[in-house]
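Here's the structure, in structure tokens; my notes come after.
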Amino acid sequence: MQWQWLQPGSSCTVRAYAKINLTLDVLGRRGDGYHALATVMQTIDLYDTLSLTLREDGLVHLVCTQPELSTETNLALRAAMLLRAHTGERRGVLIELQKRIPSAAGLGGGSSDAAAALLALTRLWQLRLTATELMELAASLGSDVPFFLYGGLALCEGRGELVTPLPPCWPAELRWLVLLKPAISVATAGVFGALTAHDYSDGSHTQAVCAALQAQRMPALSHLHNGLERGVLERYAEVAVGRAALLEAGAPFVRLSGSGPTLFTALADLEEAHRLWLRLQEQGYEVYLTQVVYPSAESLTLASVAAH
Ligand code: C5P
């Protein structure tokens, strides 16, 4: 995530990017109630902004542009509390969160905010934490949070928390992304809870996608799979309607991101992607035209923050 100091040592601003799942295999249900996954995730240029200001009075406080998200369940606030409990840090922080990523949308917004808070606070409070400690703290906040400590393109396994970063090899054929967010929120736990054995796969979609990306080839569209999609399309009519609208407007394919409800398609050509975006916007859909994003040299990442 990109970041900058406002006043060195006392405040900083970071971007927390959203993600999409290029492919997602649900391998089966585990004994602990979670599902074993193999998925390829990529950060995209749609982001929340967190401004963090050190507080010497020890208070930890969050204000959000969407007041309904300024609660104690907010993952960025929970990340700050967790970091303090783990390290014994006594100073506080004011987190000002400017939300742009739709929440409960399958785009990892809350998880990305939490990862951004962990990295920025490690800097702001000058904590000495190893990469392993940060990854463990992230995983305890949510299955997607460790991915956002890296950003870019990655294979995620386990319940999602085992992250293998991949080289930046997003295919040119998928350069421009059009996202459609149906006007509903979806609870991840409910989507996983409604899975049946028919939704499970053996991980071969994810393997094929990783192999294609690493050979710098476009993966076969049949391998852009999401094991959560069938159930979400069946349970939420708004998602099925959004999918039909994307296809009708000319999308070459449509996939659900994560547990949804956001749908995406991808095109090589910006003008074509823009036409698609415009058609859907004119029909009143919440749509985004964006592209993938990778951490830059100035980004705050696990590697730049962790103690060695
Ligand atoms: O890890 P996170 O808190 O984001 O997960 C939310 C819920 O989604 C979990 O409580 C669980 O019900 C479900 N889940 C799952 N398998 C995963 C990830 C999440 O069943 N790999």
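Quick reminder: no glycine exception, Cβ is built from N, Cα and C everywhere.
What TrEMBL says about this one:
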ACT_SITE  Lys19  active site
DOMAIN    74-152  domain 'GHMP kinase N-terminal'
BINDING   Pro102, Ser103, Ala104, Ala105, Gly106, Leu107, Gly108, Gly109, Gly110, Ser111, Ser112  ATP binding site
ACT_SITE  Asp144  active site
DOMAIN    228-285  domain 'GHMP kinase C-terminal'
Conformational class of Ala104 (ATP binding site) under the three-state DSSP mapping: coil
Residue pair Pro102 (ATP binding site), Lys19 (active site) - Cα distance, angstrom, rounded: 12
Length of the line joining the Cα atoms of Lys19 (active site) and Ser112 (ATP binding site), in Å: 8
Between Asp144 (active site) and Gly110 (ATP binding site), the C-alpha gap once rounded to whole angstrom: 9
Least surrounded among the binding-site residues, given as Pro102, Gly108, Gly110, when other CB atoms within 10 Å are counted: Pro102
Distant-in-sequence Cβ neighbours of Ala104 (ATP binding site), under 8 Å, six or more positions away: Ser185, Val186, Ala187, Thr188
Cβ-centroid neighbourhood (8 Å) of the ATP site, Pro102, Ser103, Ala104, Ala105, Gly106, Leu107, Gly108, Gly109, Gly110, Ser111, Ser112 excluded: Ala18, Ile101
Confidence summary for the domain 'GHMP kinase C-terminal' (228-285), mean pLDDT rounded: 98
Tally of residues which DSSP labels helix, strand or coil - the domain 'GHMP kinase C-terminal' (228-285): 32 helix, 7 strand, 19 coil
Number of other Cβ atoms within 10 Å of the Cβ of Gly106 (ATP binding site) across all protein chains: 29
